[in-house]
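Per Swiss-Prot, the features are as follows:
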- C112, H155, H159: Fe cation binding site (BINDING)
- E156: active site (ACT_SITE)
Amino acid sequence: MILMKDIIREGNPTLREIAQPVSFPLSDEDRQLAADMMTFLENSQDPEIAAKYQLRAGVGLAAPQVDVSKQMSAVLVPGPEGEAPILKDVIINPKIISHSVQDAALAEGEGCLSVDREVPGYVPRHDRITLRYQDVEGVSHKIRLKNYPAIVCQHEIDHLNGILFFDHINKENPFAAPDDMIILE
């Protein structure tokens, strides 16, 4: 079971590396890692389990965050209360194959399980993306995402490219927003 102590923090060089593509069929080790990362997200979103194990809630966890430099991220974006998740999958070798010109940012900024401090500011992202990835069975998927799920996937893909969310924040004026950028509440 992945715990907070297993998640590496900013300053660890693995977080700044470009992760290696994953080959199929998955090794037993990679299959276990995928399952463990998704279990962490499920546990982190369950208030009882999260409190018991002192887990910070997360909607995404990339392999580099557990010190494994591979192109694999678990994503679990919850749906409205009592409904199925909006997005739940382990995305392997993901690629954004198209995106909107329209940018968006979360009003409250972004956070990260590998960053133990608040970094205020807007993180400009594409509002809509088309994502191609493989699941744990090697099946290719092409999905269109917008708003929050699109932002989550871009954050996770950044981890696979050695980029942290605060790299995107305007250093001079963290809350500067182009007129046409959507601010998502």
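Cβ from N, Cα, C; glycine included.
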Long-range Cβ environment of C112 (Fe cation binding site), under 8 Å and at least 6 residues apart: H155, L164, F165
Surrounding CB atoms that lie within 10 Å of the CB of H159 (Fe cation binding site), all protein chains: 23
Other same-chain residues whose Cβ falls within 8 Å of the Cβ centroid of C112, H155, H159, the recorded Fe cation site, in sequence order: G60, A62, Q65, E110, L113, S114, E156, D158, L164, F165
Cβ-Cβ distance under 8 Å to E156 (active site), same chain, at least six residues away: G60, L61, A62, S73, V75, I91, P94
Secondary structure at H155 (Fe cation binding site), reduced by DSSP to three states: helix
Around the Cβ of H155 (Fe cation binding site), the count of other Cβ atoms that are within 10 Å: 24
